[in-house]
Amino acid sequence: MPLVSSTPMLQAARAGGYCIGAFNVHTLEMLQAVVEAAVETESPLIIQSTVGTVKHLGPDYIAAAATVASNANRIPIALHLDHCTEFDLIVRCIRAGYTSVMIDASHSPFEENVRQTLKVVEVAKPAGVNVEAELGKVGGVEDEIVVADNEALMADPDECAKFVELTGVPTLAPAIGTAHGIYKGEPKIDFERIGRIAGLVDVPLVLHGGSGIPEEQVRRAVSLGMAKMNVATELRIVFSDAIKAVFAKNPEENDPRKYMVPAKQALKEAAIEKMRLCGSFGKAKDFR
Ligand SMILES: [Zn+2]
C-alpha cells in the first residue's frame, strides 16, 4: 500500500492503548531492516529520518526507498521527518513524499512555538501530512540539537492543552523526563505529568528518547497515552556493533554485503523487540 499519514495510526494506537515504534534510519539497509521487522510482526511502522540524514542522503532518495518498501507490503508505513527547525526543509520533505513532519520550535518561547507550528500545520494538513510539535525541552543530543541536562524542561499540562487548541496540531511530544541518547542510570519519567497532559489533550502523545527505557516504564507511559515511541541511538549502536564484530574477526573484509547483512539482521531483531514492547504486533490488520 502507499505511504500513509501517521495521524490515523497514532489515533488508533492511543485509542487502543498501544504504541507505534518510530525508528530513525540512516542507510538503505537500516530502512529495510525496520520494514522487515514490521512486516514479520504485522506492526504499523513509522520510518524516521533526522535533519542530518535528510541533508546527507537527500529527501528524494529517502522518500523513494520508503515508497518502494510501502508499496511492496500490506502494512501501514509512514515516513516522518524528526526534529526539524527549518520551515523550508519541512516543505521540501512534504514535496518529496514525507507523510509526517516534526516542527521543533521547543527552544523558542511559547508564542513563537505556536506561530511556527501553526505555519507548518497550515501547509501539512491540506496535504494529508501529520504534524508533530514539542513542548518543554527533551534533554540530550539529537543530531544537531543539543540540550544540556540543566536546560531540559518539563512540559506544562495547561500549556499543552492551550497549545493543541491554538495550533490544531494532530500529535504532541511533551517533555516528561526522557532524554535523547543512552541514559546514565534510569530515566526519571514524570508519569503523573503524562497522566495530567493526557487528561487535558486528546491527540496522540509522543515519547522521545526511547533508547534504553526499562520495559515496565514504557508500558506505563503507553498505558497513560503515549502512542508513538521514538528509537534512534539504541538502533545505531546495535547496527554499528554488528559491523564492528565482523571487522574484529576479519579486519581485511572489503565486501559491504559481508558486514551489512549481519548489521541489518541485528537491527531487525532489535526493532522487533521494540515493537513487542510497544504492543503493536498484529495491529497492521486494522488498516486493511
Ligand atoms: Zn526526539
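All positions are counted from 1 along the displayed chain.
Every residue, even glycine, has its Cβ placed from backbone N, Cα and C.
Feature annotation from TrEMBL assigns active site, proton donor to Asp82. A strand conformation is recorded for Asp82 (active site, proton donor) in the three-state DSSP classification. Note: Asp82 (active site, proton donor) has non-local neighbours Ala22, Asn24, Gln48, Ser49, Thr50, Val51, Met102, Glu142, Asp143, Asn230, Ala232, i.e. same-chain residues 6+ apart with C-beta under 8 A of its own C-beta.
Annotation source TrEMBL lists Zn(2+) 1 binding site at His83, His180, His208. Packing around His208 (Zn(2+) 1 binding site) is summarised by its Cβ count: 28 other Cβ atoms lie within 10 angstroms of its Cβ, all protein chains included.
Over all protein chains present, the Cβ of Glu134 (Zn(2+) 2 binding site) has 24 other Cβ atoms lying within 10 Å. Glu134 (Zn(2+) 2 binding site) falls within a strand segment according to DSSP. What TrEMBL lists as Zn(2+) 2 binding site is Asp104, Glu134.
Sequence-distant contacts (6 or more apart, same chain, Cβ under 8 Å) of Gly209 (dihydroxyacetone phosphate binding site) comprise Val138, Gly139, Gly140, Thr178, Ala179, His180, Gly181, Pro187, Asn230. In the three-state DSSP scheme, Gly209 (dihydroxyacetone phosphate binding site) falls into the coil class. Marked as dihydroxyacetone phosphate binding site by TrEMBL: Gly181, Gly209, Gly210, Ser211, Asn230, Val231, Ala232, Thr233.
Rounded to a whole number, the distance between the Cα atoms of Val231 (dihydroxyacetone phosphate binding site) and His208 (Zn(2+) 1 binding site) is 8 Å. Take the Cα of Thr233 (dihydroxyacetone phosphate binding site) and measure to each of the binding-site residues His83, Asp104, Glu134: the nearest one is His83. Restricting the binding-site residues Asp104, Gly210, Ser211, Val231 to those with a CA within 10 Å of the CA of His83 (Zn(2+) 1 binding site) leaves Asp104, listed by sequence position. Across the annotated binding residues for dihydroxyacetone phosphate (Gly181, Gly209, Gly210, Ser211, Asn230, Val231, Ala232, Thr233), the two most widely spaced Cα atoms sit 11 Å apart.
A distance of 16 Å separates the Cα atom of Glu134 (Zn(2+) 2 binding site) from that of Val231 (dihydroxyacetone phosphate binding site).
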